[in-house]
Every structure is written in structure tokens, then in C-alpha cells.
Amino acid sequence: MNGHRSMQLKKYFVFGSKLYSDSLNIVFVLYALLLPFSKAFPLFTAPYIILFLWLMEGGLSQKTAKLKSEKVIYFLLLFFMFTVLSLLWTGNIHEGMQSLKYYFAITVVIIVFFTSVQKHFLKPILYAFLFSMFINEMISYGIYFEWWSINGKTSANPTPFMHHTIYSVFLVVTIFLLLVQLKDKSMPFKLKVFEFLFLLSSSTNLFINGGRTGQLALIFGTVSFVVIYYKKKMYLLYAAVFLTVLFFSAYRVSPNFHQRADQALTDIGKIQKGDLQNSWGWRIMMKIVSYHIIEEHLLIGVGVGDVLDEYRHALKREELKKYDATKILQHLHDQFLQVTVETGLTGLAFFLLFLFYVFRSALNIRDPLIRASLFSILVIFIFSFFTDVPLKNFTGGLFAFIVGYLLNYAALEKTALPTEKMRQ
């Protein structure tokens, strides 16, 4: 009897067992659930578990064939491998390995999500993320109304688990994912009412927080959604009126948004007078210094680990000493600039081609609502790439999640019958 049970257990754990496939999909649900709370699991733990289960799941020849057929994966791997190769001309190996952890996690999540997440797990994964964002928002409101305090946050900065810039991107992505849910005809009416209230909550939460990146990204995302989904100029006018009313109302009602908007106008005024000692001015200074570094390392960059060392070394030049205040930076506040300094025009070309094919995959999706929503979310990420380095924080996990979801959905849609409803 014991021998029989032992044989049964061995069947469960043998290479290629369904157990690994089921476990892999469950880990992705957990990944989505924990994504807004901590970067530790999604970026530093889950990728290794996911990779192990993916290998043990078997079917590697079919997976390889599927990966070869997707140009997004081709250029993602080229970018990642060239970044790894840049360790050869990096002096600071330790810093380089720290950066590669993020790129590795993003690459693994996208590849495995694309090849192995099953259709019937797509909704649970999406709901897990939305549920965790709902919890985040409730905690944020509690901090804002001073019902409680978490991690020392106050009503002036009610973002419990991440920086307000990052949180604002999470909120805008949530808004566009909820748009898809609301227009799903198969959804029960009561759930639609709840998700409509959730959408209002997310929009309000965006403006009681100080994340200008997400607030501005909402404009670009909304315009993109209207252009892709409605395809009529009249709706652009409606969108412009809606956004004007929304931002004006937020300016009048939200003290945090009012203060941040006034600060932005003040900073712009200072920049016009040549004073760069402010948030936006610092970004300009970083770009000026970075361009000097790029000129000297045009093709292959300084290496993934030497960005900060080279930046601080560049500040010693006579013509750049006036930008010395920026030496305390932790990154270049521009994802494209960061990639170019790390890996030169070669790495940037791979990265841009990767993004190009991601956008093309989004546009090739048949479902007009899914197509418009995912395209808009990609536009939101592109905007955030110009203001921060999202791939090296919480947002890197979110970016991998969205791209993996997009590729998986697009692949499933190709194999589905024309009359089959993918959203069901």
C-alpha cells in the first residue's frame, strides 16, 4: 500500500507533470496579487520559482518554437544578452549584477507568461491584480483621511507601499484595465456597478496623491484609447472636455494636486530664467551630463554597472561642475537615457525594437476594446520612461506583467475561432 502511494507521489513530481503547470499558473496569480505591495516577491523571488516550474513543466521544444515565432521575444533576449555582455566592460560588477536582477526578472516573467499561462487563468490573474490595487487604494484613503498611518506616510503623501510616482502609474494602468471590465457584456450587473465605483475611486486616488507622472500619463493614455477605439475626431473633443473638467476639478478640490500643479508651474518659470535647482531642472541637468558620457561611449555604453560612477566622474569636468548637485542621484530619471548610457546605441536599438514589436502585437489584437486598452497602457509606460527608470523598481514587475499578458492574449486569440469570445 505504501509502495503504491509512493508511486502515485512520484507521478505527481515527475518531469512534465501537470502539477508543475498548475503550480506555475497559481504562482502568476500570487505574483499579480503581491505586485502592488512589494517588489521583493515579484522581482527577486517569483522569477526563480517561475523559471524552475517552467523548466520542470516540460514541452521545451514546443516552447522554443513558440518563442522563435515572436519578434518581441527575439529583441527582448537580444537586449538582455547584450546588457549581460556589457559586464565585460563594466568596472563595478556588483552594481551591474544588481541591475541585471531587474532585467532578468522582467525577461523571465514575459517569456513564461507568453508560453505557459493558460487561458482560464487570465481572468483570475487580472482579478488578483485589481483586488490588490483595491486594497492599496483603501489603505491610501485611510492615510489621506488620517484614520491610520503606514510606513510613516501622511495625508500629504498617502502612498503606503511605494513612491508616489510609481503608485500613480499603477493607478492609471488600473483605470484602463477597469475600462475593459466595464464593457464586458458577460459581467453581472452588480459587479459592473462595483467596478464602476472602483474606477471612480482609482481616478480620485490618482489626484489626491502627488504622482504627476501618472496624472500626465492619464492624458496620453486617454487620447490613445479614444484614437484606437473610437477612431472619430468627435470623440477626441469629448475626451478633451472630459480631461479639462477632471483636471480643473482636481485642482480645485485636492490640496495635494493643487500644490504639485503650482510647484510645476513655478519650476517651469525658474527653468525659463535659467534656474535649474528644482525637480524638473535636475532632470535637465542629468540629461546634459549624460549626453557628454554618451558621446564618449556611443556604440556600447559604459556597461550596466558603471552608470553612476561615470556620471560622478563626468561632474569633475570644468564645464559640468555647475551640475554637481545631481551627484546624489540613484539613476538618470529617464529609462531611455539609462539604457543608452549603460549599453550605447546598440542596446538602445534592441530596446526600441523590442518596444516597437510590443506595440505592433497590441495593434494586431482583434478585440477592439482589449486592443485599445493595452495600447493605451503601453503609451502610459512610454511616457513614464521619459520621467523615471521604471524597469528598476515596482513598475518593472508591472511592465513585465502587462507585456506578458498582452503576448499571451494575442497568441490565444490567433488560435481561437473567429466567433469565440476571448474575454469570456
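These residue numbers are counts, starting from 1, taken along the chain as shown.
Glycine is no exception: its Cβ is also placed from the backbone N, Cα and C atoms.
Per-residue pLDDT, averaged across the domain 'O-antigen ligase-related' (198-352), gives 90. Sequence annotations record features per position, and here TrEMBL assigns domain 'O-antigen ligase-related' to 198-352.
Taken from TrEMBL, the feature transmembrane segment applies to 12-34 (among others).
Summarising the annotation, TrEMBL assigns transmembrane segment to 40-60 (among others).
The transmembrane segment annotation in TrEMBL covers 72-90 (among others).
Among the features that TrEMBL reports, transmembrane segment is placed at 102-118 (among others).
Here TrEMBL flags 125-144 (among others) as transmembrane segment. Panel annotation: around the transmembrane segment (125-144), residues 28-37, 117, 150, 153-155, 158-161, 167, 170-171, 174, 177-178, 181, 198, 201-202, 205, 208-209, 401, 405 of the same chain, lying at least six beyond its termini, place a Cβ under 8 Å from a Cβ of the stretch.
The annotation transmembrane segment is assigned in TrEMBL to 164-182 (among others). Below 8 angstroms of C-beta separation, residues 36, 126, 129-130, 133, 136-137, 140, 157, 192, 195-196, 198-199, 202-203, 205-206, 209-215, 217-218, 221, 225, 369-370, 373, 376-377, 380-381, 384, 387-388, 390, 393-395, 398, 402, 423 of the same chain, each at least six residues beyond the ends of the transmembrane segment (164-182), sit close to that stretch.
Annotated transmembrane segment per TrEMBL: 235-253 (among others), in sequence order.
Marked as transmembrane segment by TrEMBL: 336-357 (among others).
The list of residues near the transmembrane segment (369-387) in space but at least 6 beyond its ends in sequence, with Cβ under 8 angstroms from a Cβ of it, reads 165, 169, 172-173, 176-177, 179-180, 183, 213-214, 216-218, 220-222, 224-225, 228-229, 283, 333-336, 355, 358-359, 362-363, 395, 399, 402, 405-406, 409, 422-423. As annotated by TrEMBL, transmembrane segment applies to 369-387 (among others).
Annotated transmembrane segment per TrEMBL: 393-412 (among others), in sequence order.
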Among the ranges 12-34, 72-90, 102-118, 235-253, the one whose Cβ pairs under 8 Å to the transmembrane segment (336-357) are most numerous: 72-90
Surrounding residues of the transmembrane segment (72-90) on its own chain - C-beta under 8 Å, 6+ positions past either end: 96-97, 99-100, 103-104, 107, 110-111, 114, 300-306, 342-343, 346-347, 350-351, 353-354, 357-358, 361, 403, 407
Same-chain residue ranges lying at least 6 outside the transmembrane segment (393-412) that approach it to Cβ under 8 Å: 31-32, 35-36, 39, 42-43, 66, 70, 72-73, 102, 105-107, 109-114, 117, 119, 122, 125-126, 129, 162-163, 166, 169-170, 173, 358, 361-362, 364-365, 370, 374, 377-378, 381, 384, 422
